[in-house]
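Working notes, structure below.
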There are 2 protein chains.
Amino acid sequence: MARHLHLGAFIRPISIHTGAWRYPGAYADANFNLAHMRRFARALEAGKFDALFMADHLAVLNMPIEALKRSQTPTSFEPFTLLSALAMVTERIGLVATASTTFDEPFHIARRFASLDHLSAGRAGWNVVTTSNPDAALNFGREDHMEHGDRYRRAREFISVVKGLWDSWADDAFIRDQASGVFFDPERLHVLAHRGEFLSVRGPLNIARPPQGWPVIVQAGASEPGRQLAAESAEVVFAASSTLGDGKRFYADVKARMDVLGRPRDSLRILPGALVVVGETIEEARAKRDRLDSLVHYDSAVASLSIALGHDASGFDPDGPLPEIPDTNASKSGRQRVIDLAQREGLTVRQLAQRLGGYAGLAFVGTAQTIADEMEAWIDGEAADGFNVMFPYLPDGLDDVVHRVVPELQRRGRYRRDYEGTTLRDHLGLTRPANGFFAEGASA
Amino acid sequence: MARHLHLGAFIRPISIHTGAWRYPGAYADANFNLAHMRRFARALEAGKFDALFMADHLAVLNMPIEALKRSQTPTSFEPFTLLSALAMVTERIGLVATASTTFDEPFHIARRFASLDHLSAGRAGWNVVTTSNPDAALNFGREDHMEHGDRYRRAREFISVVKGLWDSWADDAFIRDQASGVFFDPERLHVLAHRGEFLSVRGPLNIARPPQGWPVIVQAGASEPGRQLAAESAEVVFAASSTLGDGKRFYADVKARMDVLGRPRDSLRILPGALVVVGETIEEARAKRDRLDSLVHYDSAVASLSIALGHDASGFDPDGPLPEIPDTNASKSGRQRVIDLAQREGLTVRQLAQRLGGYAGLAFVGTAQTIADEMEAWIDGEAADGFNVMFPYLPDGLDDVVHRVVPELQRRGRYRRDYEGTTLRDHLGLTRPANGFFAEGASA
Ligand SMILES: Cc1cc2nc3c(=O)[nH]c(=O)nc-3n(C[C@H](O)[C@H](O)[C@H](O)COP(=O)(O)O)c2cc1C
Ligand SMILES: Cc1cc2nc3c(=O)[nH]c(=O)nc-3n(C[C@H](O)[C@H](O)[C@H](O)COP(=O)(O)O)c2cc1C
């Protein structure tokens, strides 16, 4: 049987593309409008998505004000509050919140995810990040971001503390015997008493064990320690692979790390982020994408191009081809990718800049058929277990995926026609972890 | 016209009384069952309550395990997640979450309350606490609780930072002009750049200004610095006054502090917490209360009595009167109150202990009429602007208040028959604060 694939939906920002809010017919406030968010979540649930995934940042994005003022990102809901609200207007779809191990406390994080998991009857996931935006430090009393290696060592310790706190209570600890007056069995309560390099946390957590045991652990770090952490503890990885070749290498790398650790490969799903632009014809889809890119202001666009090239591009002729660039000490591979992209697609400087200023990662642009073909190639080529779908604009870009791509994948036997279980673990085909301190059903 | 009163509902724990979950017909899991919480919130909204109020603790309560195991408190939802969920199944009632200035970060707190206020269309309130349970420190990497004076200095600075962050964006900052591509006006964005004794926070906040300007500031600290902080910045105080005389003294004290500060008295509502037990007759109400107290296990009860007396009471005859207690260096006034209570109501040691082990604060026990009489006496005696109602057991104890006491207050012209506005500020009769950095409507 053909391998099934998994679909997550990237919803913060509600479109990754900086031109999205200007697209004809788009909701300009889609990123920060509860009625829209509710409609999107329900549409994704009708499309049987595994989860919706909310990225998160702890500072207004670190870009020049001229670019920032054109971006919808500074206004958005906070993940725990938004996803708790959406838990009440959906029934099956998973709810993945991003939370930082650098700028928060394990007691708070463990508790909020446990609470979200209870409120949603087992649909919570935690996208563990060490926080990519260094400006966040300034909002938390620090001068600089914590050093990269320290961030990941703290993250590893943090995750183990959070899991330990989730396991504070045996699943059957709460007896609630009205006759005897005993509410819980003290023998079924574990005090963590953790003391480590970065954290000291006594416990126990003041909430019962989550319905999923542990909410699903998601990770998106791309560096060497990021991949290693994923191999050790992630159950879903949001990959940033932008070509099939990259995807295969990343997939093989992370799964090989799991082999070394003795973790079954099947206990981790790798979902690259992908912008999906659907047309009736390939030409129509490309025209939509071009239109979208054209909505990126040239000032922001050229700033992105300059960063990618490691060379000031503001003097280039916008309507000419990319000129020769003298060598700099910027990342050579990054620059070469940009030059190759311009050549491959025959882009002018303006088009190239707008591509980079809009969204330059993996994109599937075509008909439902060609998109399904590409998705299948990634799945069968062991480059992905599914995708974290990004929408080009809202609401139409989302509805196109739900109403065209999903049915095509269903016809091909690649995607569920209905949810088979109720929890996010069920959707992802992941088992419920046993409590680290108590054997199941072995109540005293 | 008779002064109207305000009603909040205390919902974490869902009953303050430790025997509540054992009461005949009570939901034993009322504290931690979403379907019940939803029903309670809706019932309170039908009763036109100003708000529901969720206390919060950052550690399992610091009581001996023999008492703790009889308490429902170790399992409850986390406030931000629960109240966000309840925002979706209610329309008018205010949602007050407790959050600590000692164990959290102003950026997180400002952002979560702003998000809750947006999700609920202006119904959020923040109960500012410095955290009463010293064990919380052990869950946040500290050996000891921060010193009391430091806690309050930090709280004062923390509140001002949170307000500054809420004011990061002018109310009209977001233009979302699809034609020009400008999403917000950079002139209408304020970078706080706070550096103070305890906190350094740059800002801006990554969410628009809350609908209420600032969510309502609530405070419950009873000490000298607690009262002073309330007079400076609270808009609601949850008082712990247990007699009418205490209530008057507390009310006069806090309002006099406001006079000194030049704050209008009317910008702060004082709501003592009150257990409300309703019967068809006074005798029936008293019998309910006695029954409830009798459900407190004697071990927990006698531990509470010993603490209150500063003397081990475990050797006393449970069914005899309270014996003479030798002098100790425990709080004399606290002890005398207990001795007076035993004499006034003619309680045996067991009854006295169970009263203290259950709930010993302000209680209105009687018919709808006598309860309304007492409430009026507090309001007209300038001891309260309303009450934070605590329920003896769920669901009946709550339904009794909504179906019997509220209509009686309405008949007397003391309570709204319907909500007149939509926000928590509207219900409380509080004005929306202006942005500290931008004049209203003075957009560039
Ligand atoms: C799909 C995807 C989503 C991400 N979401 C977030 C996020 O929400 N917040 C964040 O701080 N970082 C986010 N990141 C960044 C990663 O957590 C990580 O910081 C980045 O990939 C750099 O990797 P490294 O930290 O391992 O060097 C995301 C990365 C990817 C690929
Ligand atoms: C009605 C009421 C509710 C309270 N709720 C909380 C709470 O949820 N969390 C908390 O840590 N403290 C809570 N407190 C404790 C106060 O914040 C404060 O710590 C206590 O009254 C002692 O006062 P002080 O800190 O000013 O000495 C509450 C107090 C009262 C009277």
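Note that Cβ sites are derived from N, Cα and C of the backbone, with glycine treated the same way.
Those TrEMBL annotations? Automatic predictions, nothing curated.
What TrEMBL lists as FMN binding site is A:D56, A:T98, A:H148, A:Y152, A:S223. A simple way to gauge crowding: the CB of A:S223 (FMN binding site) has 13 other CB atoms within 10 angstroms, across all the protein chains here.
The domain 'Luciferase-like' feature in TrEMBL is assigned to A:22-379. Taken together, the residues of the domain 'Luciferase-like' (A:22-379) have an average pLDDT of 95.
In sequence order, A:R12, A:F53, A:M54, A:A55, A:D56, A:P79, A:N127, A:V129 are the residues of the chain that are 6 or more apart from A:T98 (FMN binding site) and have a CB within less than 8 Å of its CB.
Residues A:D56, A:T98, A:S223, taken from the binding-site residues A:D56, A:T98, A:Y152, A:S223, are distinguished by a CB atom under 6 angstroms from ligand 1.
Remark: of the binding-site residues A:D56, A:H148, A:Y152, the most isolated position is A:H148 (fewest other Cβ atoms within 10 Å of its Cβ). Binding-site extent for FMN: residues A:D56, A:T98, A:H148, A:Y152, A:S223, maximum pairwise Cα distance 19 Å (rounded to the nearest whole number).
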